[in-house]
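Trainee: TrEMBL lists these features:
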- 31-50: transmembrane segment (TRANSMEM)
- 62-81: transmembrane segment (TRANSMEM)
- 123-143: transmembrane segment (TRANSMEM)
- 175-196: transmembrane segment (TRANSMEM)
- 203-225: transmembrane segment (TRANSMEM)
- 274-294: transmembrane segment (TRANSMEM)
- 301-320: transmembrane segment (TRANSMEM)
Amino acid sequence: MDILTSKYYFRCNKFLRFCGHWPYQKPIIKILNQTLLMITILTIFIPQMIKMFEMRHDFQGFILSIPSFLYYGNFIFKNIFATILRKEIKKVLEQINYDFKVLYDKDLKILDKYYKKAYDINTYYIVYMLVAVFFYSMLPFTLHTMDIVFPKNESRLPQSPRLIKYYINIFDDNIYFITFHGFLCDTLSIIFLLGFDTLYFTFVYHACALFVIVTTNLHDSIIMVNQCANIESKEHHKKKEELFKQKFFKCIILHKYTLEFVDKLQSGFSNLNIFSIVCAMIPLTITGFEAILYNKNLSQMVRFIFFAVAEIIHLFYYNWPGEKIQEHSLLVYKACYNCKWYENSISNKYKRLLSFMILRSQKPCLLTAGTIYILNMENFSAVIKVSVSYFTVLSSLMSP
């Protein structure tokens, strides 16, 4: 079974292939797609930087320009990161493909179960993010069109759709161009971000499935020991014991293999995670403030609420895998403890090996953002609280 061509990798395959970051593309296609995409994004990122520099003395305007700047900054950073780690990502994909070829029966069913979970969560994530990008990008166009068709005493769009400066008059004053240019760049960048994020999320769920496979095989091997103890025939007893030996060593090897797999994810993505957390936390604070700032303009307020909720989901999406890895790595320790190996007729040799396994598994595996932040739901709650606190401070500073 080639898992990389299955539905579980279909979306991230297509998204990353479109952006030139799928490891199995031809080099010339990769370079061409990456170059065209980066040039397109720079056509909006540079004008935004120019506008931010112009507004450096306007505190409110400068603050309001930060979310969009960080959104594209996150895209550029991840793009560079994906290029640097392309070989490591390919190795992980090959490792996953190998797992699906060598595992079978019950083990393969566990993998499939976890891939279905990851697929469903990724679907919800992709759908909301695409909807949020569409509403955030295209709502100004709707408001401007309504001003033309059904004019009011005051404009439904109180300011330019984006804080941007092209230094070309026909573009700077053209709301339609600004809106559609922003929509194009937002869509292209979110395609890459979704492809990369869902790939990482699927990697983590693969690791979770491997931990469950270890615990299942450990449980089965202990049952086999108990069956051996009740067998009177020496020949049959020897066969059962040999099967137990094979299954037990498989558990130890697979546990070591899984720990190494998680270490690859941790060492490879840790620095990226801290940047992604910051790029979600700061815009969340500011867009929450923007929603309050435009509380008399329902359409604009809804626009910024969509953006703020997207950042909350983005933060959750990054912390949830860390929580699952932590929980699943401890399953091995619980399985070792609950099997009551000290009461079973296991030889001292295997008991010693199992005791080493217990010692290692009682320390949970962690995914971190740099060296300062552990990805889990507790820290997700802490980040939301901090964002709300900063939002309160920002609101008080901006209040007349």
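Here the Cβ of each residue, glycine as well, is placed from N, Cα and C on the backbone.
Predicted automatically and left uncurated, TrEMBL annotations should be read as such.
Note that the structure is predicted; figures quoted are calculated from it, not measured.
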Trainee: Could you pull out which residues elsewhere in the chain have a CB under 8 Å from any CB of the transmembrane segment (203-225), counting only those six or more residues past its ends?
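Mentor: For the transmembrane segment (203-225), the nonlocal Cβ contacts are 92, 96, 99, 103, 106-107, 110-111, 113-115, 117-118, 240, 243-244, 247-248, 250-251, 254-255, 257-258, 261-262, 265, 321-322, 324-325, 328-329, 331-332, 334-336, 339, 341, 344-346, 365, 367.
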Trainee: Considering only Cβ pairs within less than 8 angstroms, which of the stretches 31-50, 175-196, 274-294 has the most against the transmembrane segment (123-143)?
Mentor: 175-196
Trainee: Quick test of the contact rule: Cβ under 8 Å, at least six residues beyond the ends. What residues does that give for the transmembrane segment (301-320)?
Mentor: 67, 121, 125, 128-129, 131-133, 135-136, 139-140, 197, 201, 273, 276-277, 280-281, 283-284, 287-288, 290-291, 294-295, 369, 375-377, 379-380, 383-384
Trainee: Cβ under 8 Å, sequence separation of at least 6 from the ends of the transmembrane segment (175-196): give me the contacting residues as numbers and ranges.
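Mentor: Distal contacts: 11-12, 14-16, 18-19, 21, 37, 40-41, 43-44, 71-72, 74-75, 78-79, 82, 125-126, 129-130, 133-134, 136-138, 140-141, 144, 157, 160-162, 164.
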